[in-house]
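Noted in TrEMBL for the protein shown:
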type	residues	note
REGION	417-443	region 'Disordered'
TRANSMEM	59-91	transmembrane segment
TRANSMEM	111-127	transmembrane segment
TRANSMEM	186-206	transmembrane segment
TRANSMEM	283-303	transmembrane segment
TRANSMEM	352-369	transmembrane segment
TRANSMEM	375-399	transmembrane segment
Amino acid sequence: MNAVRREQRERENSDPSLARFLCAELTRGYFLEHNEAKYTERRERVYTCMRIPRELEKLMIFGFFLCLDAFLYVFTLLPLRVLLALLHLFTMPCCGLRGSLLLQPAQVCDIFKGLIMVLCYSMMHYVDYSMMYHLIRGQSVIKLYIIYNMLEVADRLFSSFGQDILDALYWTATEPKERKRDSIGVIPHFIMAVFYVFLHAILIMVQASTLNVAFNSHNKSLLTIMMSNNFVEIKGSVFKKFEKNNLFQMSNSDIKERFTNYVLLLIVCLRNMEQFSWNPDHLWVLLPDVFMVIASEIAVDIIKHAFITKFNEITADVYSEYRASLAFDLVSSRQKNACTDYSDSVARRMGFIPLPLAVLLIRVVMSSVNVQGALSYSCLLLFYLGMVTLKVLNSIVLLGKSCVYVKRANMEDKLFERPSTAAPGKTPSRTRKTSRCTAPSGTHVSVTNFSPILKLPSIQKEEEGMEGTELKHRTPKKDLLDVDRFTICGNRID
């Protein structure tokens with residue numbers, strides 16, 4: 001067969017007439033089987049792009065509920081933990097327990113979080129939302145577009161530096177102190193943390209006001225420009241080289257950004273409904289614009305991740321690894337030797353800090369809803385109990401799903417790996433002085449007092465088999481869990 005084709009080509013080449021040329025153009029074929037590997041790879045790329053939306057949205061939904069759990073924690077469990085800490089502080093002298101610590105480190109952190117929330121909420125009363133709205137509305141469309149872009153950049157910078165400020169406060173307040181005068185250093189850290197949360201809340205309020213102006217504009221030109229700004233993000237990220245760890249940080253940043261946008265849309269809807277006396281007909285006017293903003297955000301994320309994975313030859317299964325890594329953070333934070341609270345783990349991994357957003361939401365809700373009379377307070381109590389129920393149910397479901405993802409990814413063994421007590425380049429004595437996670441039995445100095453609520457069957461069997469024995473040495477493997485957990489918004493990879 002090949003010899004016949006070869007003879008036909010030689011005959012055509014020997015007769016270079018116009019008729020032969022036209023006949024060859026009309027009858028020549030494609031011998032794709034000679035490049036089978038190449039075209040199979042191209043087909044797999046198409047299949048990967050078609051799988052990206054589903055795998056990406058699975059990760060986004062899981063990350064959204066992680067952020068929601070950390071956000072609900074501020075409204076539900078944090079006030080109860082603060083009350084328990086204050087009750088323990090005031091009743092301890094009556095019990096005669098003078099030799100022990102007044103408060104555990106976790107209780108100290110809870111009290112500082114509560115104080116920051118109360119002070120920032122009191123300071124937010126001096127900021128007039130209506131005046132800010134009309135001040136922004138008087139600006140031109142182009143100026144508002146530039147302001148909104150600057151606010152997005154400032155929000156990322158505030159999130160990056162703000163987590164360091166809060167961590168510095170918590171560590172300064174709970175670190176072992178040799179002298180009592182060392183406790184004075186907590187005061188400047190606390191003042192800095194209060195001003196950070198207040199300024200970040202003001203920044204988010206300006207973002208919400210700009211978005212509210214875009215919703216209420218007659219020609220919707222500002223809203224269209226703000227939505228088109230999302231597609232500019234594709235140009236800035238698609239044509240860059242990405243590794244798996246860099247894409248993981250970008251995915252975390254997208255999860256945080258999407259959750260923040262949902263809260264901003266909620267604030268806009270609350271302000272608009274309050275201006276129209278809670279008329280339900282006006283809600284149907286707002287819903288098309290809300291769905292338009294959400295749809296554009298989802299479309300931009302899908303297109304961006306689809307082409308990033310295509311150009312960098314990354315499979316769609318990588319999003320399952322990302323989801324397993326986030327699930328590992330959740331499951332490991334429920335262990336007895338956990339060094340951080342679950343909400344702190346989410347903040348460090350995704351760059352999501354719930355305190356400024358919670359302060360602003362409380363300020364908007366309290367100014368939009370009038371609570372007067374016994375019936376109103378009863379409804380408020382029922383609403384709080386409903387949020388507590390939602391928080392507990394969400395935590396239970398997330399923990400169960402996380403155990404499934406960790407088991408499916410064969411990451412159970414890493415839950416019992418002992419953290420390294422000495423970092424490279426540091427002396428063991430300094431590590432023993434500053435370590436908070438390695439404590440003698442009987443003392444509780446970790447930031448969280450969580451106990452493992454749910455264990456996998458294989459984990460429980462392995463734990464029983466390892467009692468009284470040392471874990472075998474495992475060679476370090478570079479994977480997603482080696483990414484620095486203090487990376488914020490995908491700006492730094494260690």
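In case you wondered, yes, glycine gets a Cβ from its N, Cα and C as well.
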Worksheet item: So are the transmembrane segment (186-206) and the transmembrane segment (375-399) touching or not, going by 3+ C-beta pairs under 8 A with a sequence gap of 6 or more?
Response: no
Worksheet item: Any chance the transmembrane segment (111-127) and the transmembrane segment (59-91) have 3 or more Cβ pairs under 8 A, given the pairs are 6 or more apart in sequence?
Response: yes
Discussion item. Let me spell it out: take the transmembrane segment (59-91), skip the flanking residues so only those 6+ beyond its ends count, and list any with a Cβ under 8 Å from a Cβ in it.
Written reply: 102-103, 107-108, 110-111, 113-114, 117, 251-252, 254-256, 258-259, 262-263, 301, 319, 322-323, 326-327, 330, 342-343, 346-347, 350, 352, 354-355, 357-358, 384, 387-388, 390-391, 394-395, 397-398, 401
